[in-house]
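If you look up Swiss-Prot, you'll see 68-75, Thr102, 208-216, Gly265, Arg280 marked as GTP binding site, on the strength of similarity to another entry. The domain 'Septin-type G' feature in Swiss-Prot is assigned to 58-331; the stated evidence is sequence analysis. Feature annotation from Swiss-Prot assigns phosphoserine to Ser91; the stated evidence is similarity to another entry. Sequence annotations record features per position, and here Swiss-Prot assigns region 'Disordered' to 1-29, 328-350. Positions annotated as region 'G1 motif' by Swiss-Prot: 68-75. Residues annotated as region 'G3 motif' in Swiss-Prot, with sequence analysis given as evidence: 125-128. Sequence annotations record features per position, and here Swiss-Prot assigns region 'G4 motif' to 207-210 based on sequence analysis.
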Amino acid sequence: MSKGLPEARTDAAMSELVPEPRPKPAVPMKPVSINSNLLGYIGIDTIIEQMRKKTMKTGFDFNIMVVGQSGLGKSTLVNTLFKSQVSRKASSWNREEKIPKTVEIKAIGHVIEEGGVKMKLTVIDTPGFGDQINNENCWEPIEKYINEQYEKFLKEEVNIARKKRIPDTRVHCCLYFISPTGHSLRPLDLEFMKHLSKVVNIIPVIAKADTMTLEEKSEFKQRVRKELEVNGIEFYPQKEFDEDLEDKTENDKIRQESMPFAVVGSDKEYQVNGKRVLGRKTPWGIIEVENLNHCEFALLRDFVIRTHLQDLKEVTHNIHYETYRAKRLNDNGGLPPVSVDTEESHDSNP
């Protein structure tokens, strides 16, 4: 009889032993995408025109740094790139400035306008880099300058009464000039790019490419790419930042074929086949700067200005600056000291 006792338990007793089922957590519904035909014109496409008008009104900042030994034509190339005298040539420095004992940082700002769009261009030169007998750690002042610009932006960003538009002095692009030796990269080249590629977008260029034959140029480009790969040096556009397959396909071609750009710069015009062209006069003829059969200047110009300028700015802000910002705030245990200067902080930077 005792064996039948458990079966004689009441429904109430059983309900105490069996836990009530837990309610399922509410799952947020995903928005449903419906491909329906619009009944009429809405005007979504005007956002592009709105953005264009705003950019034309306010303009935009672009800060480019040039690094390399003296005599590689850095200033000439930048002047050719922007078709204006935006960088002072070494010959224009006074006698005392010609050979700096240490690396100096010289930033010159310009406003360039084309088609109603204003670009606030800053060219940052680095005279003295690689020109000393002992060039050990000569990249440090350059890295310090780059980080100082991140710090300035960060302090403005966390300011309680910050400016409506924060002045952007961050370096968006660093053109690193490689000497056209035709052999291999110098230890200084590798050391600089290894350290600085972590904090800025480096675009390597082979200077004065007209001093090499086509075969020498091709072999040197391949050798440079191999050395950068072996030493784990990432140049722009970095593989890890490719957003999609289209980006990867386009950037792979640039990384594997174009980099480093073999360039020639010139601010002199010559008559060629009835046309005025920028070029360099040699005993063998005129080297046309914008002729792809002569050099890769046009590829560099299109890459920096016409196809990747906005991406250079975005990678600077979203990757390099954010990396600095996260480390800075983490090391500081929070926000940096906040300065309150209400009179200055309300000044806008149109």
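Using the three backbone atoms N, Cα and C, a Cβ is placed for every residue, glycine included.
Feature annotations (Swiss-Prot) mapped to structure.
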{"residue": "Gly68", "record": "GTP binding site", "DSSP class": "coil"}
{"residue": "Lys74", "record": "GTP binding site", "DSSP class": "helix"}
{"residue": "Lys208", "record": "GTP binding site", "DSSP class": "coil"}
{"residue": "Leu214", "record": "GTP binding site", "DSSP class": "helix"}
{"residue": "Gly265", "record": "GTP binding site", "DSSP class": "coil"}
For the region 'G3 motif' (125-128), the number of residues DSSP places in helix, strand and coil: 0 helix, 1 strand, 3 coil
Cβ contacts of Gly265 (GTP binding site) (under 8 Å, same chain, 6 or more positions away): Gly73, Thr76, Leu77, Val78, Asn79, Thr80, Leu81, Val289, Phe297
Integer average pLDDT (0 to 100) for the domain 'Septin-type G' (58-331): 91
Entry from the binding-site residues list Lys74, Lys208 having the most other CB atoms no farther than 10 A: Lys74
Under 8 Å by Cβ from Thr211 (GTP binding site), same chain, sequence gap 6 or more: Pro180
Gly68, Gly71 as binding-site residues, winner by CB count within 10 A: Gly68
